[in-house]
Every structure is written in structure tokens, then in C-alpha cells.
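Trainee: Please read through the structure below; I'll follow up with questions.
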Amino acid sequence: MAESSTAAVETMLHQPDVEETDAEAELINAQVDDLVIKADELEKKVIEVVNFYEKKQGGINTKGIVVPNKDKASNSTNGMNNSASTSNNKQPAEGPPKDAACSKRMQDLMRQFGTILRQITTHKWAWPFMKPVDVEGLGLHDYHEIIKKPMDIGTIQNRMEGKDEVNRYRNVREIYADVRLVFKNAMLYNDDTNDVHVMAKTLLEKFEEKWLQLLPKVIEEETRQKEEEAQASANVVMAQEASISRIARETDNELSELSSQLQELRRLAIESCRKMTSEEKRKLGTWLSKLSPEDLNKALEIIAQDNPNFQYTAEEVDLDMDAQSELTLWRLKFFVREAHERQARNNSNNNNNSATRGDDASKRKKEICDALAKSAKRRGKKQSP
């Protein structure tokens with residue numbers, strides 16, 4: 001049935017006296033397909049640009065976007081280019097050199113902090129805090145229940161000197177927090193009448209006093225780092241805007257070229273299309289009615305493209321083949337041919353699959369029969385005297 005249907009379509013769509021016209025139309029049809037692919041690629045670029053500015057501006061309503069004409073698109077693109085050029089005139093912060101400078105400044109602060117720490121460690125009461133608490137040796141069985149994060153000055157010094165690569169300090173405030181933790185732990189575990197508590201409280205007060213002298217420099221450096229990070233983020237946005245501007249400019253040029261090519265193809269298509277005979281229109285209408293619902297909707301969409309007033313979504317569609325342009329009729333012709341060829345291939349594949357399943361079933365049935373025959377033969381041998 002599929003073969004006869006395809007043959008009938010081929011008879012209707014390939015008239016012997018119009019082979020040359022059909023070839024020209026086929027060539028135009030292929031060129032149109034190429035342009036459709038290009039249009040899809042351009043659509044992705046447009047979406048990328050829209051999404052970028054939607055994020056930047058906090059949400060642009062992209063529903064019902066109308067593609068502007070070439071002049072407006074060019075003006076918009078030029079505006080983006082001018083904006084990008086103005087932004088690019090600003091001197092962007094250089095990444096690696098500024099990172100190195102920032103690291104050097106922080107190292108200088110750490111060295112100054114190291115001087116403070118040495119002043120504390122040379123105090124006569126610093127010795128209990130230089131090494132980790134000997135919990136087992138001193139019999140402090142409840143130490144880890146009270147002190148959740150043990151710390152000592154020796155561990156801090158190792159981290160500052162880079163001996164502990166995993167837990168190296170990134171800034172001065174991290175060191176400051178650990179030094180305070182050493183004395184706070186001692187004050188927490190020992191009551192205020194204990195000598196260790198008194199020693200820790202005294203050293204903490206001296207440490208805080210010296211820290212206040214360094215603190216303005218620390219705040220200045222932190223403020224500077226935040227400003228540099230903000231500038232780096234701004235530079236990233238500037239680079240993104242420049243990239244999006246370039247994409248928009250290229251897309252505008254490609255859309256202009258695509259529009260010119262489509263206009264030329266439309267002109268060639270109209271010139272190449274011969275007039276269909278009444279018999280061809282009748283057969284085309286007959287085969288349109290035999291399309292699947294999905295393909296029929298696509299065919300009606302083709303008609304609606306050249307007929308804006310055509311209501312192809314209505315429950316009942318009245319289609320007058322004589323009222324259609326030659327271009328629309330030929331587009332329908334090619335679509336019908338492709339749809340029926342595709343359907344024929346699908347039917348052929350389904351038939352092949354059914355035949356394969358039938359062969360498998362027959363093979364399995366033969367295997368079962370052979371097995372039963374062998375079983376019956378063995379039973380017969382056992383029963384014989």
C-alpha cells in the first residue's frame with residue numbers, strides 16, 4: 001500500500017514535461033533550507049545577547065519581541081559599539097601584577113604582625129602557650145569536651161613560616177584570631193584564680209594593645225583589596241559587554257545579508273514557478289487531505305505564511321487551491337512529496353521489523369519442537385527392554 005501511495009505521489013509530483021522547472025525549484029528549495037539553518041544559528045546569537053542584557057538590567061520582558069528594521073538595528077548596534085569603545089577607553093586593572101602587589105602588601109603586614117608575636121612570646125609568662133596542651137600527660141580528660149578548637153603559638157608560627165602548607169594563613173586577621181584563641185582557650189578551661197588563667201589574660205591584654213597599633217594598616221589594606229576586587233569584577237563585565245557588542249554587530253550584518261539572499265530567492269522562485277494546471281491542483285488537494293494530522297498542520301502553516309488572513313487553526317478549514325499563489329502551491333508540492341517519502345520509509349522499516357520478529361518466533365518455535373523431540377526419544381530408549 002505504501003509503495004502504491006508513493007508511486008501515485010511521484011506520478012502527481014513529477015510530470016515528464018516539467019522536469020527542468022522542477023529541477024530549478026528543487027535547487028531553490030535547497031537554498032532556502034540552507035538559509036533556514038543560518039537563521040536558526042542567528043537566532044541563538046540573538047538569544048545570547050538578549051539573555052545578557054536581561055541579566056544585567058534585572059529582567060527584560062522578552063515576550064513579543066519585534067525584530068527591528070535594518071536602520072534601527074544598525075543604530076542600536078552602533079550605540080552598543082560606542083558604549084563598548086567608551087568603556088574600553090578606561091584603563092582596566094591588570095590582573096597578575098595587581099595580584100602580586102596585593103600579596104606583597106599582605107606579606108609586609110604579616111611580617112609586622114610577626115614582630116608583635118615575637119614580643120609576646122619573649123614574655124616570661126609565654127612558655128605554657130608555646131606548645132599544644134599535653135592532655136594525656138597532665139590528665140586533662142575533659143579538655144576536649146570543653147575546648148572545641150585547641151591552638152598554640154608554636155602551631156601559629158609554623159603556619160606563618162609556611163611549614164604547614166595545607167593550613168597556611170591568607171591574611172593577618174586569620175593569625176590574629178588564632179592568637180586570641182590560644183589565650184581564650186586557657187582562660188576558658190582554667191578558672192580565674194588559676195595561674196595559667198592569669199598569665200593568659202595578661203598576655204592577651206598586651207597582645208590586643210599592640211594589635212590596635214597595627215589595625216589601621218590592616219583596615220586600609222582590606223579596603224584597598226575590596227576596591228581592587230570591585231574593579232576586577234567591573235573589568236569582567238566590560239569584557240563581556242565588548243564580546244556581546246561584537247556578537248550583536250556580527251549578527252546585524254549577517255541578518256542583513258540573509259534578508260538580501262531571501263529576497264533574491266523569492267524573486268527567483270516567482271520567476272521559476274510555472275503555473276500549475278487545474279488537474280495538478282486537484283491532485284495536490286487530494287494528497288494534502290491524506291497527510292497525517294501533524295504534517296497537515298505544517299502544510300497549513302505554509303499556506304498561512306503567504307496568506308496572513310488564513311485561519312489555519314480553526315476547527316474547519318476551507319482551502320481554495322485556485323486562490324493560492326504559484327509560490328505557495330509549489331512549496332506545498334515539495335512538502336507533500338517529502339512527507340509521503342518519509343511515511344513510506346517509516347512503513348518499510350516497520351514491515352522489516354515485523355518480518356524480523358516473525359523470523360525470530362519461527363526460529364524459537366523450531367528450537368522448542370526439536371527439544372521436545374529429543375526428550376521424547378530419550379524417554380523411548382529408557383522404556384525399551
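Backbone N, Cα and C atoms are what each Cβ position is placed from, and that goes for glycine too.
The structure displayed is predicted, hence computed values, not measured ones.
When I checked TrEMBL for this same protein, it listed these features:
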type	residues	note
REGION	1-20	region 'Disordered'
REGION	63-101	region 'Disordered'
COMPBIAS	74-91	compositional bias 'Polar residues'
DOMAIN	121-197	domain 'Bromo'
DOMAIN	266-347	domain 'NET'
REGION	343-385	region 'Disordered'
COMPBIAS	375-385	compositional bias 'Basic residues'
Trainee: Taking helix as H, G and I and strand as E and B in DSSP, count the residues of the domain 'NET' (266-347) in helix, strand and coil.
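Mentor: DSSP classes over the domain 'NET' (266-347) add up to 57 helix, 0 strand, 25 coil.
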Trainee: Can you tell me the mean pLDDT for the domain 'NET' (266-347)?
Mentor: 80
Trainee: Using DSSP, what is the helix/strand/coil residue split across the domain 'Bromo' (121-197)?
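Mentor: The counts are 41 helix, 0 strand, 36 coil.
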